[in-house]
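The next block holds one structure in the form of structure tokens; read it before the comments.
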């Protein structure tokens, strides 16, 4: 009996150790990130009672600031190298089809998100009965929809690529001149009672001068944000042209491939710092809240409405679209994206989350490299389902607060404007507040009332960023399934058996490789393409299915 117990104990211990080792290998980083989010909230609310100074809060947020800087540092090389290498390997017909399907799908899902938000805000009525606050922004210049549209087009074609890496075009409105109308005739008569005869009075004529009208003129300005849209368009164009150049474009394609590989290796090393940075990033945001209880009382129903819309769109509609179009289990696919969703929750930036999303798609979801390299950068720029839903809900909420009845035509205007404005919103924190002004002015609502929702925006921004990232990733899976016939077989992700014949030097390690362009030579990975020289050995790779006994 003791012998049996000992054997069972050893087997149980071995199996438990194997299970723990496998779990830590697969889900260790995700588990640490989830605990980091919870620890960040706990630390932030704990330190709120200590009344830390501004300088102390800055020091506390410093590890989180480093996390954001690491992620933003990788955006530019990842976007450029991914788009150039992904599109250069495809023919023009396949890339055009993939681009058309991607943009069409993004626009469709964004419009669906807006419709979901409008339906929920009309049903729940979060702004009904809410009292107006006296504080508003000063009557400063308000950007019009035309200015925002023109800025979007200008940023698509940057005048200076170097400048586009750190700033984008933005129209600034400055006062040009003031018009002071002159009133010659009395415009108001006021009767002053006579002290001696209370029944009588004397007339006093007052000349009322209207407030001066200020005319604003649009001038060229800039915003200190990366022009992601312009970089995406330039990189995609370069990738298409490199593919048509054939052998002449191979050197630059190889450079971009090496840059992309290096960026992914940097990401693999940097992800272990993320749980530590997330703790202080969230704690710093918690300390910036003025009064959480009062904000919750005033904007509780509005917050519930937005979160309900994000839940319906992100966890019901988007997985349903994935299921219908691919015939695969969407939640198994989403499980591989949990790490990216946690980073999106912490950073509230879809562009900053792009490196982690790319890593999750390639390693966990096994999406084709070409598709991921094209769909994700484009999605991080133009696909903002959560932002579009939020803008539609916020606009109608502000109308309800002002007791402003919106007819069907105005609801259609909000849906179209919110869809278009979300495309122009950069993938940066709280960019939706900027484009919100466009949606409000399109239906005649006061733009200054955007201050009603500023207090809770930092929380909602994180959840809508998660939906934006989820939408990008699901789109990549759908496009990879629909366009799988257009992708060259040599580029598809998966296990490929490759036989390598050496003319000179030592033989490579033959076996199964996830990427047929990366073959292990000795102990070092060696880039491999047909008849490509590596050190002193000329290599020739052919699929094992075509390999003959003669070699």
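Each residue, glycine too, has its Cβ placed from N, Cα and C.
Per TrEMBL, the features are:
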TRANSMEM  27-46  transmembrane segment
TRANSMEM  66-87  transmembrane segment
TRANSMEM  99-124  transmembrane segment
TRANSMEM  226-245  transmembrane segment
TRANSMEM  266-287  transmembrane segment
TRANSMEM  299-325  transmembrane segment
TRANSMEM  337-358  transmembrane segment
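Counting Cβ pairs closer than 8 Å and at least 6 residues apart in sequence, the transmembrane segment (266-287) and the transmembrane segment (337-358) reach three or more and so form a contact. For the transmembrane segment (337-358), the residues of the chain that approach it from at least six positions outside its boundaries are 29-30, 33-34, 36-37, 40, 67-68, 71-72, 74-75, 78-79, 82, 226, 228, 263-264, 267, 271, 274, 277-278, 281-282, 364-365, 372-373, 376-377, 380-381, 384, 426-430, 458, 461-463, 465-466, 468-470, 472-473, judged by C-beta separation under 8 angstroms.
Count of Cβ pairs under 8 Å against the transmembrane segment (299-325): among 66-87, 99-124, 226-245, the largest is for 99-124.
Outside the transmembrane segment (27-46) by six or more residues, the chain places 271-272, 274-276, 278-287, 338-339, 342-343, 345-346 with a CB less than 8 A from a CB of the stretch.
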